[in-house]
């Protein structure tokens, strides 16, 4: 066998008859499988041991030779080779077909490859292959056209007319094979190339397609006649097994049935030919053989599929590869693995961040081999078998051994669906009682896990390397930041937030206010003995906390704080300022000076002058974590997070917050607000009855009135709320619930959507405290049901989107340090109308500059060229008033099959510059796909008469962008740069005309009457600018402008959708995806190159082809960029393995085989499929080919002690 990690590429071609014979170990002549009495395979049948190898290891069929010592001997009695039984998984047989048979993939596929090669229509081919018509092969001296069809009757008439033997016409696949043999590739290609110079329209399209196929045959060395089979390979029997069930019946693979039909028909045909049977009978048998082979290769492709028992279609060879259950996706890309388990998860609040609790029974099963090895090593058992018995008996001594074995051995925990890379993380196992896995509460957010019955899978990394990678790269404590936006993903939630919120509250006039303590311990003691409350504002000597970064003025003073905040600051990293106010200034700069007083000053007066600070909310805790990470990186941050978690749980327990019905306040003037709304609605309806407004206007006015009433109640609720109310505390802290939940409990439920998505005019006036009437309850069920169905549909859509995104970008890896491009991307803030969707500062952080950034007024250089922009630099640039910056971007990167470090910038998951080998394509796809479930499903009605177009939003809009579809509500764009000189309305055609005049010419654009205009007369417009509201069609923009404009537009559009839903995604992720959509060009004029016109090819391949021609002084080819949707881009990838495992498996493989395509295994997917280590991360060539350390041996002379010198030599070598 070839070592899987050694070969560099894999090629697929058509198999020639001689190749099939060379694979085969013998001909299968009989349709028999297994003898039903002896259960032994029949001779010359589909399971024959002579052909395929023995069924038992090292044993021939008759039993003459047994044991391994006869290895390789062929038994003289039964003819079976003595070898391993697993050769039955690799040895093939063959069937010699008595008549040629066409291969259905090449005849039926779209476009029909046989048809294109012969220049015949697929219908004509079908008539010939299935014996409905004759085809003229050689007209000789008759006036017949070659390749013309003759019916049975016409054939006989022509024979009589011209005499027997005056021309050659045949039917069946044999005829097609003869025609294919006669194809002169070089001559045909020359003719087509001539034709292309003058042809236009449909004729040109066809010529390009034919040329493509013929050229593929010529370049690959495949012969066209191999598309017709004379010999059929039989796949190894263990890949189409037959097993005995309990009841003595057999379960067999469908392929055996399909092969049996082929063999039966082939044998019958052989007999008929021997007997010289009448032509019509032989013809019929040949047709049936053709149909049998078609069904074997791709059942159901032509006509009705062949069915088995219960009219179930049989699974043919093609079906074995296709779809989610096919070979690619079921067995090659997603295998089940050993050393794994799954169980329900429960919360483990006492665990450290890098730990997880594993039940004892589970651990002993998972680590069994390790425990057994240790048992034998300690001489507790004589051999492995005894050790295994010991473990299975549950001997007391195994538990201590297990404890030692799992120490320092990380395990992986995974929760399905794994939407992003944080869905699998490594933990150190801790043995626990019970049967549930224990999970640290802070990692729940990354997994999107909760403890209402979720299950998780556990995996054990076995090799030293796997353990090292799990520990260094995947440990949960390392994953503080979310790869999609670089923000902390492990923010505390629920109880932890509530506890810290309660702890940091301040209260005026609580017991012990104004007491001054000498240090932390004294303050805590006073609190524990009831002299002061957690919320009491007290003084504490600054000198008692020498480790905090105080300013010189603040030292030796007394600081006003609360006991709660003293405890809260206890857990903070030492170098952070003492936190009193929940704001950034306090966190990043220093504790505000107003809280300090001189010893002897009146503390009560100072306290009275200070306003009460709001407590620390979830958002503030997130900022503290981000700042801690920025300063101290992972180790300190994860330790701090554990302290924060413990403190939060402890104090939310002590606070003992409860919720009762009395905690939901009653709004005093609710009745008045609702009455006023009723009157207003009555007035609106009156006006409508008088004909003062349209139905649409009335509907909008009524719904607006009720919406305003609900908002008025909400506003009243917020004004009158008591900050100590437990529900308010939960809502305000960000622990649970939001204002809309609160207003449904205490205000009114408001308007509901009907099943058709239109909002009903009758609102629900009650709230949950008062309780709903039966009718109101019924109304509210519509919304609930719609919510459930939407979520279910959205999950599926979002998952499929992620799959397509991953597929198109999986081969984008950081390949080099710097590509040395001379282009950059000029960026500004992204705006949507007047609103800023994404600020310039956000877009700058973590990118490299292309040119240096200068201060717009003073001209001083703020950031040098090719420099990584940090948060502080970005703030400085924006503060200086800079509005646009040229940065290095993925769009302009020149690296082949990937990106370089400088064009990418920082890795958002670590906050450091990205490493070579990082699989940024997959990360980008996950970052865009994972929040997909949070996007809405519906297209919004903008309401009113203002616009007749629905603006697509949410998930459908993202799909529209990435699939490069024509958008709904398309905007009209101008092709001319210049000034809008006139806008005329034409009431007869209900359109408007916009006239744009520029230096290069003028344009006249027809716009629908109802469209909202974006421009006015006198406006300056650029090429490709939208004249009306709506989305621009990207393909149209590409025709008018350049690639970069389209890329920038798509980037902005994606960001608008996500940001409007409150989801932040780093620009670079979208850039990676959009670049993949624009990586191909279509050849327009081949010039002196040997490219074919109309071919789609990678930009890098195109420039290579031109480079050589330009150097030798020829005419280079011209091309134009093509924008492809992600599905199409995935199928057009250079790797046929990746494309075939994505969609349209048979089409991709047919095409690849004709072209004799080579897969250079550059992406991740193709390497996973063949079982090679992926070429990203630690699997990259530059990290793998490291020589072992060479040790110089020093000769030691007896009697004199010598220190041996060890020199380390480590030289990385690269394959390329």
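Each residue, glycine too, has its Cβ placed from N, Cα and C.
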Swiss-Prot records 819, 900, 903 as Zn(2+) 2-binding residues. Which of 444, 893 is assigned to the same site?
893
Please report the Cα separation of residue 819 (Zn(2+) 2 binding site) and residue 60 (Zn(2+) 1 binding site) in Å, rounded to an integer.
62
Counting only residues 6+ apart in the same chain, whose Cβ is under 8 Å from the Cβ of residue 75 (Zn(2+) 1 binding site)?
60, 61, 62, 64, 65, 81, 82
Taking only the Cα atoms, work out how far residue 900 (Zn(2+) 2 binding site) lies from residue 450 (Mg(2+) binding site), in Å, as a whole number.
39
What's the number of neighbouring CB atoms sitting within 10 A of the CB on residue 78 (Zn(2+) 1 binding site)?
16
Top Cα neighbour of residue 903 (Zn(2+) 2 binding site) in the set of binding-site residues 78, 450, 452, 454:
450
Highest CB neighbour count within 10 A among the binding-site residues 60, 893, 903?
903
Could you name the residues, excluding 60, 62, 75, 78, of the same chain that surround the Zn(2+) 1 site, i.e. Cβ within 8 Å of the Cβ centre of those residues, in sequence order?
61, 63, 64, 65, 76, 77, 79, 80
For the binding-site residues listed here (62, 819, 900), tell me which residue's CB has the most neighbouring CB atoms inside 10 Å.
900
Going by a 10 angstroms cut-off between Cβ atoms, which of the binding-site residues 450, 452, 454 has the sparsest surroundings?
452
Residue 893 (Zn(2+) 2 binding site) and residue 452 (Mg(2+) binding site), Cα-Cα, nearest whole angstrom:
47
Rounded Cα separation (Å) that holds between residue 78 (Zn(2+) 1 binding site) and residue 454 (Mg(2+) binding site):
57
Express the distance between the Cα positions of residue 893 (Zn(2+) 2 binding site) and residue 450 (Mg(2+) binding site) as a whole number of Å.
42
